[in-house]
Amino acid sequence: MALLSFERKYRVPGGTLIGGSLFDFWVGPFYVGFFGVTTIFFATLGFLLILWGAAMQGTWNPQLISIFPPPVENGLNVAALDKGGLWQVITVCATGAFCSWALREVEICRKLGIGFHIPVAFSMAIFAYLTLVVIRPMMMGSWGYAFPYGIWTHLDWVSNTGYTYGNFHYNPFHMLGISLFFTTAWALAMHGALVLSAANPVKGKTMRTPDHEDTYFRDLMGYSVGTLGIHRLGLLLALNAVFWSACCMLVSGTIYFDLWSDWWYWWVNMPFWADMAGGING
């Protein structure tokens, strides 16, 4: 890929966290760095271990390949490779690759002298992953409660985990997370549509300005968050969507153990209508 004209002045030494100048170089448009090397190492090793697991399983169908965690009765012990140990090693590789990628993002931010918003945002995704495969299983006392690495099997795990607690649709944290995901998609669609409409005015008109964009939303809903504000809002919505989605799993089986539909009886038994004749309680 060609080096863009403005990029060369930003390719300066320094800003590394580990390794000094040893890996402080670029390959084409890609910055390497120490954590780029560790990302490649962990990702490659994890991928090869998945292939090994597929060979042990006896299938090369991507939809059927599945690496299962150790059985629940194994607890938090290290398992044999063919009894879930392979899943444990792949989890270490995935965690190492994700964290290395985030730290590589930190080094790039340091080189450019910009804020750490991108690695912070990516770290929220890492937190969600670790919640499912490390934090929640450790709180429940067994790696067997983590999800398997497979297309269909991980979907089965999602379904089974949801129905273990009655119906996850009644999980208030699940409600909040899903609502925020929908809101994030809505905000992104509105923002993207607004920018494209300003950049592609009707024939004969010049490109519109941010003032036009602000005025549109003030006319539409009485307020415009602004060109910078919409990106702050989008980041806030997206981070909260991931955080509360992780929380909906984290509290299930660790803090709350019953059916999520039963959790809502506090609403049914509120004094406003609990004893009302013909009311919600009959």
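Using the three backbone atoms N, Cα and C, a Cβ is placed for every residue, glycine included.
Swiss-Prot lists His154, His174 with the feature (7R,8Z)-bacteriochlorophyll b binding site. If you draw a 10 Å sphere around the CB of His174 ((7R,8Z)-bacteriochlorophyll b binding site), it holds 21 other CB atoms from the protein chains shown.
Among the features that Swiss-Prot reports, Fe cation binding site is placed at His191, His231. In the shown protein chains, 13 other C-beta atoms lie within 10 A of the C-beta of His231 (Fe cation binding site).
Look at Phe217 (ubiquinone binding site): DSSP puts it in a helix. Taken from Swiss-Prot, the feature ubiquinone binding site covers Phe217.
The feature transmembrane segment is assigned by Swiss-Prot to 33-56 (among others).
Annotation source Swiss-Prot lists transmembrane segment at 85-113 (among others).
Within the chain, the transmembrane segment (116-141) has long-range Cβ neighbours (under 8 A, six or more residues past its boundaries) at 69, 75-76, 91, 94-95, 98-99, 101-103, 105-106, 109, 147, 235, 238-239, 242-243, 245-246, 249-250, 253-254. Residues annotated as transmembrane segment in Swiss-Prot: 116-141 (among others).
Residues or ranges marked as transmembrane segment in Swiss-Prot: 171-200 (among others).
With a threshold of 8 Å between CB atoms, the same-chain residues lying at least 6 positions outside the transmembrane segment (226-252) that come near it are 117, 121, 124-125, 127-128, 131-132, 135-136, 139, 161, 164-165, 168, 171, 173-174, 176-178, 180-181, 183-184, 187-188, 191, 210, 213-214, 260. For 226-252 (among others), the entry in Swiss-Prot reads transmembrane segment.
You'll find the Cα of His154 ((7R,8Z)-bacteriochlorophyll b binding site) roughly 33 Å from the Cα of His231 (Fe cation binding site). You'll find the Cα of His191 (Fe cation binding site) roughly 26 Å from the Cα of His174 ((7R,8Z)-bacteriochlorophyll b binding site).
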